[in-house]
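Under the heading site 'Transition state stabilizer', TrEMBL lists 17. Per TrEMBL, active site, proton acceptor is recorded for 22. Marked as substrate binding site by TrEMBL: 71, 77, 84, 98, 99, 108. For 97, the entry in TrEMBL reads active site, proton donor.
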Ligand code: DQA
């Protein structure tokens, strides 16, 4: 199974940023560990601070990948255009967040993307990404 992880704005500075919410590990180190652990999954990762780049990644992924794990970060709470891109493609998307957005400010409780996602995983630290991938593997089983 080929899965693309798409990370949005400010997730390139994980490990340095608001450690109480996001921890101390940077995403590239976590990604290396994840790929090592989940050897049966072909993982790719892109990060962008720009809304348009994220939309292009979502559009292009639909022809090259089986599923997307999307952390649109701050754009989750603002972007109708990213939500439209998720709605437009046929491969499933799981929305993830590192922090528990429901335990934070009220503006983080709204997601424009969630209605078009297969599901949402929020609040498990970087493990949220692994849980999303394991969910796709579980859903892929014929049981
Ligand atoms: C985040 C939560 C968002 O509210 C925030 O803007 C982020 C990261 C998370 O992974 O917890 O940048 O998506």
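For all residues, glycine too, the Cβ spot is worked out from N, Cα and C.
Only 108, of the recorded positions 17, 22, 84, 108, place a Cβ under 6 Å from an atom of ligand 1. Neighbours of residue 99 (substrate binding site), defined as other CB atoms within 10 A of its CB across all chains, total 18. Neighbour counts of Cβ atoms within 10 Å were compared across the recorded positions 17, 22, 71, 77, 97; the minimum falls on 17. The recorded positions shown are 17, 22, 97; of these, the one with its CA atom nearest the CA of residue 108 (substrate binding site) is 97. Within 10 Å of residue 97 (active site, proton donor), counting CA to CA, the recorded positions 17, 71, 77, 84 contribute 71. Between the candidate binding-site residues, 84, 108, the densest Cβ environment within 10 Å is the one around 108. Candidates 77, 84, 98, 99 (binding-site residues) were compared with residue 17 (site 'Transition state stabilizer'); none lies inside 10 Å Cα-Cα.
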